[in-house]
Amino acid sequence: NSARADLCVALAKHTGMSPERMMVADVFSHRFYKIYQLEESLSSILDRDDIFIYEVSGRSAIGENSREDVVLPIYLRERTPARDYNNSYYGLMLFGHPLLVSVPRDRLSWDALYHILLYRLSRYVTRPSSDDEDDGDEKDIEDKDNIPKPGHVAGASSQDSGAGSGGAQLWSRRRKPAPVDNSPGPSHWPQRARRKHLFTLQTVNSNGTSDRSTFNEDTHAQPYIAIDWEPEMKKRYYDEVEAEGYVKHDCVGYVLKKAPVRLQECIELFTTVETLEKENPWFCPTCKQHQLATKKLDLWMLPETLIIHLKRFSYTKFSREKLDTLVEFPIRDLDFSEFVIKPQNESAPELYKYDLIAVSNHYGGLRDGHYTTFACNKDSGQSDYFDDNSVSPVTENQIESKAAYVLFYQRQDVARRLQPQPSSSDPPASPACGSPPNSEFMDVN
C-alpha cells in the first residue's frame, strides 16, 4: 500500500532526479484521469493503467504550489472538420500526451504562457522560419484575432469560447488571489506579439472541454489549459512521430501473463476495510457534511443458497470495458467460516461450507453478448452445459473459465437434507462428472 512519495523515492535512485520535483499521474485517452498527491496511496493503480512521471520545478503538488510557481495541467487538441463529431467535442479532438508545466507566478499572462509552452514543446515543435514570420505578420495585421487572447479560440462556438471568468484569469486561490495579467489589449501589444502563432490557448475543464456544465462549481478550482492546433499548423510544425517516441527499457519486453484470481481472495477483499477516496466522501448525518471515512462490509449470517456476482465490467470517467480475468472458484467446500462475525454453531462446519450447483457465463461486451450455463443435476450429480437449445455433459475441469459471471452455491447441510435416499434396488448414482461433451455443441474458450 505504497504512497506516491515512496514511488518517487524509488525512481530517484534510477534516474538521479529529485523526488521533490516528481509528479505522478494516471493518463487515459489523452487526459489526466488522476493526479496523485504526495501521501496518496497507489493501491488503486491497475496493471493496464498508464502511469506518467513528470519532472517540474518548485514543489511537486498541484494543490501545494509554491509562492513562486504554479503547476498547470496542459492538454493538446486539434480542430477537426465540423461534420466530424465522432471523437471530438465541438470540433476539437484531444491528441498526444498531456503535460504538467511549472509556470512562474509572476508570468501568468497568456502571452508569457504561450512562449513558455512553445519552449516546453521545442523537442518536437519546429519554430517558424523568418519567412514564415513575415507571412504571419502580414496576415496578423489584417486579422488581429489570431493572437491568443485570454481564453479565446479562433473559430470556436460561443459555448466553446473562453470568454468570461473562465478565460480572464489563469489562476486564483481562495487564500490569496494571484496577479492577473492587466497588460494592454492586442492592439497595443508590441509588434512581436503579432507574429505568427502556432497555436492558441484555452481554459478547459479536467475532461479537456469548455462545457460550463462540467466545470466544478468552485471557481477557485485548478485550471486546465488546452493548446489548440489548426490541422495545417499541426501538420507543418508539430512532429508527431518524435512526440510519441520513447526509449524502451529492457524490463518492458517481459510481459507478465495475467495471473488468475482466487475466489477466496475476492471475498477477503470484499470484507476488507476500505478507505473512501476524496472523490467519494461519506455524508455524515450528524454534522450534515461530507467527511473522509472508512467502510467495511461484514457477513452476519449465511443463506442456504449463495449467489456470487463477479465484477466483469469496469467503469471509469472515460471508459467502460469487459474484464476477462480468470477467477478460480472451488467446485465444493467453499468455506466461509473465517468471514462470518457471528458463528452460529462451531460444531457444525457444514453450516459454513458450500458446493457449486451452477455457473452463468457471459460472452461479449457491455452492449451485447451471449449467456450460457453450467448446472449440476441434484439427483445424479452430473454437470451439464446449456447453450440455447443444446445441452451437453461436462467434466468438472471444464466448468471454470474466464466467462464465469454469476456463481450459484448451495450450503452443504441443505444439500444433504435434499439428497434422495437410494433404495437397495436402485442402481449406483452417476459420478459427479460425466464424459467430455461433443465439441460441436460446446465452446468455453
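The backbone N, Cα and C atoms fix where each Cβ goes, and this holds for glycine too.
For 1-412, the entry in Swiss-Prot reads domain 'USP'.
Swiss-Prot lists 127-194 (among others) with the feature region 'Disordered'.
The annotation phosphoserine is assigned in Swiss-Prot to S130 (among others).
Among the features that Swiss-Prot reports, compositional bias 'Acidic residues' is placed at 131-140.
Per Swiss-Prot, the feature active site, proton acceptor maps to H370; the stated evidence is sequence analysis. H370 (active site, proton acceptor) falls within a strand segment according to DSSP. Contacts of H370 (active site, proton acceptor) defined by a Cβ separation under 8 A and a same-chain sequence distance of 6+ are given as H362, Y363, G364, in order along the sequence.
Positions annotated as region 'Disordered' by Swiss-Prot: 416-445 (among others).
Look at Swiss-Prot and you will find 420-439 tagged as compositional bias 'Low complexity'.
Per Swiss-Prot, the feature phosphoserine maps to S430 (among others).
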Model confidence for the domain 'USP' (1-412), as mean pLDDT, reads 76
